[in-house]
Amino acid sequence: MIVLDLALNAVATGIVLGSIYALLALGLAITFGILHIPNVAHPAIVIAGAYAVVVLNRFGLDPILAGLLWSIPFYFIGLAFYEFYARSFESRGGGNTLQSLTLFFGISLVIEIALVVAYGTDLRSVRVGYVGESLRLGTVAIPYRFLVPALITPVVVFLLWLYLSKTNTGLAIRAVAHDERAVSVAGVNPTAIKRHAFGIATALAVIAGAALVITGPVDPFAGRIHIGRVFAIVVLAGMGTIPGTLAAAIIIGVAESLVMSFASPSWAPGVAFAILLATLALRPTGLFGGVR
Amino acid sequence: MSEPLLSVRDVSKSFGAIKALGPVGLDVAEGERLGIIGPNGSGKTTLINCITGFFRPDTGTISYKGQDITRLPAYRRARLGLSRSFQIPHPFTGMTVIENLLVPMDYGATSARKELENAEEILRSVGLAERRDHPAEQLSQLELRKLELARALAARPAILIADEAMAGLSEAEIDDILSVLFELNRAGVTVIMIEHIMHAVMRYSERVICLETGQVIAEGSPEKITSSPVVQKVYFGEQTAR
């Protein structure tokens with residue numbers, strides 16, 4: 001029975017963990033999954049968002065509310081980021097993946113250093129009433145500091161899915177990655193569409209930052225451990241499917257949690273890639289690639 | 001003759017040391033059906049790319065309704081009413097047929113219901129109405145060509161450039177596409193047809209231009225072009241040799 005309890009707890013924790021991973025990966029599902037921009041700076045932007053949330057939380061603002069407020073300036077920061085990227089690479093006919101990768105790696109370092117300079121390397125956290133308590137269902141216990149941010153994800157996933165599949169701008173975002181010329185023949189400015197999508201992805205990063213900082217304290221380098229995992233989730237999901245991103249993240253979350261409980265926590269970071277490799281061998285388009 | 005709708009003056013384009021086009025000049029009148037023919041590599045596609053804004057010409061000017069559009073990006077030209085279809089249809093996969101048509105309509109100030117009605121009307125005009133909610137990737141070759149035309153029409157252009165819209169289709173299918181294009185022209189759209197299928201382009205066009213190594217070598221009525229020795233030499237000569 002102890003084993004069963006352990007397994008139940010591991011699965012419950014995994015679902016919650018996966019849900020938070022999905023939130024971290026959603027921005028990347030747009031930039032990398034749909035626009036094919038290898039934005040390795042995404043986790044660093046998430047951490048910058050977490051710091052921004054900490055600042056507002058000092059004034060007593062709820063972190064989720066703070067994240068929502070920050071998402072508007074972050075959207076505009078994202079527009080500026082994309083404009084910089086487009087001018088330095090895409091408009092010059094480059095768009096070379098390796099060069100872009102280097103650029104975003106650089107941006108990620110700059111963000112981290114800027115956070116160190118501004119706030120030092122100490123851990124920062126938010127104050128919320130529910131930290132330290134857990135929801136108990138029989139033998140399963142889920143800390144609220146995980147449960148609350150995990151509950152944001154389904155809402156965000158639903159709204160994002162609705163936007164990308166039911167609005168014309170959402171359709172244009174998916175179309176622009178597919179065929180930029182066909183989009184411009186239709187009178188849509190492809191650069192403006194991609195800039196807007198990048199802005200949304202950056203706004204999502206601050207929501208993810210708010211969720212992450214509720215789960216535990218962050219330091220300027222806290223994004224690094226997530227880089228590999230979020231890319232694995234986006235590819236596993238099948239590049240740019242939004243509900244697929246949530247499903248893939250939960251699969252990885254549960255697998256990691258089971259490995260942590262029954263094997264060793266030191267194996268956990270490898271789980272995402274093990275699942276990814278096994279999946280790509282069988283389904284090169286990812287789990288939900290081609291399906292909407 | 002009144003002012004041409006589209007006017008190309010001394011346009012040339014080179015890629016490195018290779019001169020792909022020009023200098024060429026041509027005028028297109030409002031409501032005209034113009035055919036552009038020429039062997040492979042004669043500069044037809046380069047010319048369209050210059051007209052629609054995917055290439056910036058090295059020299060010359062392009063004007064549309066009296067406005068110089070030489071330096072406008074493709075999407076701005078499309079908004080002015082200059083549209084094209086592509087040789088190889090690339091539907092937006094993962095979307096339905098109607099969704100493929102809704103992508104272009106977002107910039108307009110019209111309501112969502114109006115956009116939907118417009119898209120449905122265009123689907124009817126090309127004969128794809130009953131495929132409205134099918135995934136684009138499930139269409140037949142003929143239907144893909146029609147979707148390609150429909151997409152080019154979604155922004156309600158004044159000029160449609162159809163780039164080899166009929167290549168690889170059967171005779172009956174060619175007739176089908178031609179009647180769609182005739183109907184469009186009757187509705188007021190100026191059509192520039194780039195085509196290799198001789199009888200189709202001759203049947204459709206009021207005036208034909210023949211390009212060869214980036215130059216206009218002949219221009220005139222289909223009858224005149226068909227009987228032109230210089231055209232027969234570069235074009236029909238090549239075809240009968242095959």
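Glycine is no exception: its Cβ is also placed from the backbone N, Cα and C atoms.
Under 8 Å from some Cβ of the transmembrane segment (A:7-34) lie the Cβ atoms of residues 42-43, 45-46, 139-142, 146-147, 149-154, 156-157, 160, 173-174, 177, 197-198, 200-202, 204-205, 207-208, 211-212, 215, 226, 229-231, 233-234, 237, 239-242, 245-246, 248-258, 260-262, all in the same chain and six or more residues away from its ends. If you look up TrEMBL, you'll see A:7-34 (among others) marked as transmembrane segment.
Below 8 angstroms of C-beta separation, residues 24, 27-28, 31-32, 63, 66-67, 69-70, 74, 101, 104-105, 107-109, 111-112, 114-115, 118-119, 124-128, 201-202, 205-210, 212-213, 218, 220-224, 226-227, 230-231 of the same chain, each at least six residues beyond the ends of the transmembrane segment (A:40-57), sit close to that stretch. Taken from TrEMBL, the feature transmembrane segment applies to A:40-57 (among others).
Here TrEMBL flags A:64-82 (among others) as transmembrane segment.
Residues or ranges marked as transmembrane segment in TrEMBL: A:102-121 (among others).
Under the heading transmembrane segment, TrEMBL lists A:142-164 (among others). Only residues 6 or more beyond the boundaries of the transmembrane segment (A:142-164), in the same chain, are considered here, and those with a CB under 8 A from a CB of the stretch are 12-13, 15-17, 19-20, 22-23, 26, 64, 128, 130-135, 170-171, 173-174, 200, 204, 207, 210-212, 214-216, 242-243, 245-246.
Residues 20, 23-24, 26-28, 30-31, 34-35, 37, 39, 42, 45-54, 63-64, 66-68, 70-72, 74-79, 81-82, 85, 123-126, 128, 131, 145-146, 148-150, 152-153, 156, 160, 173, 176 of the same chain sit 6 or more residues outside the transmembrane segment (A:197-218) yet have a Cβ under 8 Å from a Cβ within it. The transmembrane segment feature in TrEMBL is assigned to A:197-218 (among others).
The transmembrane segment annotation in TrEMBL covers A:230-255 (among others).
Residues or ranges marked as transmembrane segment in TrEMBL: A:267-291 (among others).
For the transmembrane segment (A:102-121), the residues of the chain that approach it from at least six positions outside its boundaries are 37-41, 43-45, 47-48, 51, 81, 85, 88-89, 219-221, 223, judged by C-beta separation under 8 angstroms. Remote same-chain partners of the transmembrane segment (A:64-82), defined as residues 6 or more beyond its termini with a Cβ less than 8 Å from a stretch Cβ, comprise 45, 49, 52-53, 56-57, 107, 148-149, 152, 194-196, 198-207, 209-211, 214. Within the same chain, residues 10-11, 14-22, 24-26, 28-30, 32-34, 40, 42-43, 153-154, 157, 160-161, 164, 174, 177, 271-273, 275-276, 279-280, 285-292 sit at least 6 positions outside the transmembrane segment (A:230-255) and bring their C-beta atoms closer than 8 Å to a C-beta of that stretch.
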